[in-house]
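S.K.: The following feature annotations were taken from TrEMBL:
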- 1-63: domain 'G-protein coupled receptors family 2 profile 1' (DOMAIN)
- 80-330: domain 'G-protein coupled receptors family 2 profile 2' (DOMAIN)
- 82-105: transmembrane segment (TRANSMEM)
- 117-138: transmembrane segment (TRANSMEM)
- 168-186: transmembrane segment (TRANSMEM)
- 193-213: transmembrane segment (TRANSMEM)
- 233-253: transmembrane segment (TRANSMEM)
- 274-297: transmembrane segment (TRANSMEM)
- 309-329: transmembrane segment (TRANSMEM)
């Protein structure tokens with residue numbers, strides 16, 4: 001029969017001689033023009049026949065020539081990769097700067113900012129994981145993705161899945177901490193930080209270890225980057241659970257915030273405190289969860305183009321947005337940076353004056 005064959009666009013699984021196999025217009029090409037055409041190949045004594053109709057014709061590309069189709073596909077992915085590489089690079093630079101600011105200034109050392117640092121770190125891991133996955137899986141265009149099943153690619157996918165899980169669970173921790181602050185009326189207790197760390201890093205680690213053991217035992221095929229496997233729900237279900245719990249927290253915090261703002265017993269300064277502490281998290285919870293829930297309700301092969309743009313291009317700038325909201329636009333951070341910048345300028349002016357005075361007296 002015909003062995004499994006990767007033609008650079010689709011994977012054609014093995015079938016006996018005399019049988020045929022069909023696939024819909026490949027998702028890779030649907031980003032140019034959506035089509036529901038079927039592409040068929042027959043298994044002959046000399047191997048797989050040519051795609052019928054050709055990819056370019058079936059997928060309704062403007063130019064039906066194979067060379068132009070390949071160039072169009074390559075151009076699209078090159079553009080996509082440049083966009084999300086720039087996004088992750090911008091996010092990584094902003095996140096490292098934000099962590100440096102929170103770490104360097106002693107007055108910014110508190111439980112809330114410690115949680116922010118962990119949250120930033122999860123975004124850094126996610127960005128690095130995407131770049132590593134690209135380097136391992138897609139650095140060589142001639143790689144046969146039907147049969148690729150190396151330790152390196154499985155490790156890259158595992159690290160990526162852990163980073164994504166940690167990202168969502170540290171967002172959950174942000175929501176839990178915000179709710180705790182409102183319930184305890186701004187009474188912060190550092191004892192809870194270890195529970196937050198256990199949720200943010202421990203739950204993803206336990207989930208990924210379960211997923212790895214399951215794949216090794218029951219579905220150790222390919223590079224583990226397929227979303228069609230039933231065991232993909234070992235990763236997907238905890239993410240959906242985190243988003244659902246965060247949504248409930250979002251509703252509860254909104255309710256508590258409305259009660260406190262409209263309460264006549266709370267002073268204006270406290271109302272401003274509530275608003276300042278909650279606005280960032282209330283924006284991030286729906287922002288990071290809604291699109292994932294929407295796409296989770298559809299099969300992986302549906303809405304490929306929007307999914308790619310949301311998860312790769314727009315998703316690559318999420319780290320920058322988080323650093324902007326939690327650090328760079330934070331009034332407390334801005335005041336501390338300005339204060340230390342003023343002290344540094346005064347110190348420099350004083351040193352220059354002393355040097356000039358020494359030279360004059362000498």
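Cβ coordinates are placed from backbone N, Cα and C, and glycine is handled just like the others.
Unlike curated records, TrEMBL annotations are generated automatically.
Please go over these features one by one and say how buried each is and what sits next to it.
M.R.: Residues 113, 116-117, 120-121, 123-124, 127-128, 130-131, 312-320, 322-324, 326-328, 333, 336-337, 340 of the same chain lie 6 or more positions beyond the ends of the transmembrane segment (82-105) yet place their CB under 8 Å from a CB of it.
Using a Cβ-Cβ cut-off under 8 Å and counting only residues 6 or more beyond its ends in the same chain, the transmembrane segment (117-138) has close neighbours at 81, 84-85, 88, 91-92, 95-96, 98-99, 102-103, 145, 148, 152-153, 156-157, 159-160, 162-164, 166-167, 169-171, 173-174, 196-197, 200-201, 223, 225, 312, 316, 318-319, 322-323, 326.
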